[in-house]
Amino acid sequence: MEYIKITKVDNVVLHRKGIAVKGELHLTTHHLIFSSSSLPREFWVSYPTIGSVFKNQGSTLISRIKCDSKSNDEIEFDSDEPNLYKFYQGRDLWSIVNIKIIGKDYTVFSLDFVKEHEAKDVFDSLLRLTVLDDVSQLYAFIYKPNKIETQFNSWNIYDPMKEFQRQGLHINDSNSQWRISKINENYEFSSTYPSKLIVPNNISDTVLLHAGKYRAQARIPVLAYYYKKTNCVITRSSQPLPGITKQRSVQDERVVLTEFECSSLLVLDDIDNRDHVSPRMKNIIVDARPTANAMAQTALGGGTESMEYYNFNLTCQKKFLGIDNIHVMHDTLNYVVDNFLVDGDLNFPIDKVALNTGKSSNWLKYTKLILSSTDTLMKSIVFNKSNLLIHCSDGWDRTTQVCSLIQICLDPYFRTLEGFMVLIEKDWLSFGHKFLERCGHLSSESIFHDNTSGFNNLSLFSNISGTQINNSMSSNNLCNEDDNKITNTERIKSFSSNNIISTDFVTRVSDHFKKRKGYKSNKFTSPIFQQFLDCVYQLVIQNPDQFEFNERFLRRLVYHLYSCQYGSFLYNNEKERAENDIQNKTRSVWDYFRCRQKEFTNETYKAPLSSSVKKIYNDLNELGLEDLEGEEDWIFPDFNKIQWWWQLYGRKDNEMNGLTTENASIPTDHEMEGNQSLEVKNKASRFLPFTLDLFGKK
């Protein structure tokens with residue numbers, strides 16, 4: 001393939017999780033593969049999972065230099081492989097070139113190359129194989145499943161009619177308060193919405209057409225979930241468009257009011273004596289954004305509902321959740337990776353205090369905020385019997401997170417393997433979460449950093465004390481044969497200040513890339529779906545017997561979110577998947593999990609009693625059993641017990657969770673800025689500064 005400059009490189013050293021192994025590197029059209037007789041199996045990396053790539057002068061081992069009390073510079077090996085010692089013995093470590101790769105799935109590793117031209121060819125090939133022009137070039141379109149997977153076809157695991165019937169809505173019945181509208185049958189009404197929209201039965205498509213003009217992307221309020229126990233509904237939409245002129249839409253107001261009233265009518269249908277039924281007083285319009293952000297959108301033609309028109313005789317109120325946008329989320333996670341996870345190849349220890357008290361702790365803060373919002377809204381449904389309309393700006397990020405989490409907490413079906421798959425299909429895929437854009441499957445040139453460009457000839461290193469491994473010392477003393485006492489720290493400082501390319505040069509190169517035809521930016525990438533899975537992880541560990549699936553299921557789902565081995569997450573919406581015939585050209589990601597169900601099943605799971613079983617027990621009064629019809633099967637998140645998903649980041653629990661000092665505590669927002677300077681002081685020195693583009697940060 002013309003994209004690959006080199007397909008095989010011998011004598012490459014892989015550094016991963018603190019272990020160094022010598023072997024062979026292979027580049028195929030869709031995977032990087034490292035093999036070694038010292039490894040139990042090959043190490044495979046799918047190109048779309050690559051988040052950042054750095055080509056650096058000098059061996060990866062240079063970052064392990066430590067200055068002891070005797071001023072001896074040492075390198076410590078975690079491997080006793082003789083060939084590895086032989087590889088580095090007598091070799092100038094500065095003459096080696098390393099390529100460091102940080103994966104979107106938090107796999108971090110480095111490769112040491114003896115020959116600079118081989119490293120360059122590998123770097124150039126990785127760029128061409130990772131930065132693609134079209135989705136059809138991804139691995140999913142040539143992937144051939146094994147025999148076990150071919151037994152499944154999970155593309156139709158979600159059927160809207162069957163799912164809402166399971167929830168308790170019989171949409172086909174003549175007296176149903178809801179109907180399936182065909183207004184978006186060809187995706188002409190809203191290109192980012194599903195083809196089947198569930199709306200009130202007495203709202204015509206003409207009204208919907210007018211209402212669509214008042215919602216961003218024509219994402220009108222439609223039914224997302226019906227909770228039978230309290231006859232409450234969750235509807236979702238995008239932001240309204242009042243703009244600076246404060247426009248209103250009576251059609252949109254009618255749609256929202258009618259959807260809330262449908263719930264009351266469902267209650268009336270189930271009660272004989274309607275005189276005792278009082279109208280719901282606490283329906284809630286939920287704006288997931290911070291108040292200031294919502295108000296700022298008015299200058300761009302957007303905004304939020306004016307409660308002058310949406311209070312519906314004081315039966316409805318509005319609540320802002322204060323969840324920040326996609327850019328804040330990807331900046332926060334980039335900061336965590338850049339400052340705490342970037343050295344995973346060498347397995348450097350994490351500063352746990354800085355991780356849990358500085359800017360990085362904002363990731364836990366946002367997780368807590370999303371779960372506390374879920375808790376509040378869920379209790380409104382359960383105890384106040386409130387109907388909800390949830391939206392953010394476009395209604396495909398924060399809206400989807402909150403809607404999904406509420407349903408997981410309310411409905412035990414969504415805590416099963418099958419139910420969770422249906423939930424993802426329903427609320428994430430069909431409602432148009434932009435997986436292609438948020439995950440950056442086609443990648444960008446901006447994630448590739450050649451830190452060797454602009455260096456002087458490598459012979460300059462011969463004028464500095466050569467960094468070599470001494471054959472006679474088990475501690476691998478880095479002093480040269482003349483016992484020159486110039487420390488490695490001094491050499492690194494001299495090397496960094498004199499030989500790294502200037503900022504102006506970097507800027508010119510960056511501008512050149514941006515002017516190229518077809519340049520792609522990662523500006524809109526963000527770990528929104530991963531953040532949702534992180535919230536689910538918190539619920540799983542807090543309720544260990546309430547979920548049929550285990551933590552490994554969530555972790556593998558993160559991997560396949562980025563692997564592009566399956567077609568489920570390749571596009572932004574249902575329309576794009578239909579236009580590209582994704583069901584016939586690729587496999588569903590759920591095939592992978594369903595054929596390996598035992599591997600992802602929680603052994604401590606306690607399935608709730610079915611309604612038929614409850615009825616049998618309740619009929620056996622002679623046994624003296626309590627009435628099981630009122631048994632509660634919802635769960636509430638404990639947002640005060642939020643912790644790092646340490647398994648996902650490839651670390652140990654005690655490395656990331658819990659503070660190392662008794663007096664350490666999570667700071668307030670006001671203290672965050674002051675703590676950043678402390679983190680800089682505490683951060684260990686690195687061979688080269690890394691600036692990650694893991695989620696689009698520049």
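Note that Cβ sites are derived from N, Cα and C of the backbone, with glycine treated the same way.
According to TrEMBL, the domain 'Myotubularin phosphatase' annotation covers 154-649.
Positions annotated as substrate binding site by TrEMBL: Asn325, Ile326, Cys392, Ser393, Asp394, Gly395, Trp396, Asp397, Arg398.
There are 27 other Cβ atoms within 10 Å of the Cβ belonging to Cys392 (substrate binding site). Annotated active site, phosphocysteine intermediate per TrEMBL: Cys392, in sequence order.
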* Cα-Cα distance maximum in Å, computed over every pair in Asn325, Ile326, Cys392, Ser393, Asp394, Gly395, Trp396, Asp397, Arg398 that the record assigns to substrate -> 12
* **Intrachain C-beta neighbours of Asp394 (substrate binding site), sequence separation six or more, cut-off 8 angstroms** => Thr192, Ala216, Gln217, Arg219, Ser238, Gln239
* To do: Measure from the Cβ of Trp396 (substrate binding site) and count the other Cβ atoms within 10 Å, all protein chains considered.
  => 26
* Asked: Tell me, what is the mean pLDDT of the domain 'Myotubularin phosphatase' (154-649)?
  -> 85
* To do: For the recorded substrate site, enumerate neighbouring residues of the same chain (Cβ within 8 Å of the Cβ centroid of Asn325, Ile326, Cys392, Ser393, Asp394, Gly395, Trp396, Asp397, Arg398, site residues themselves excluded), in sequence order.
  => Ala288, Arg289, Thr399
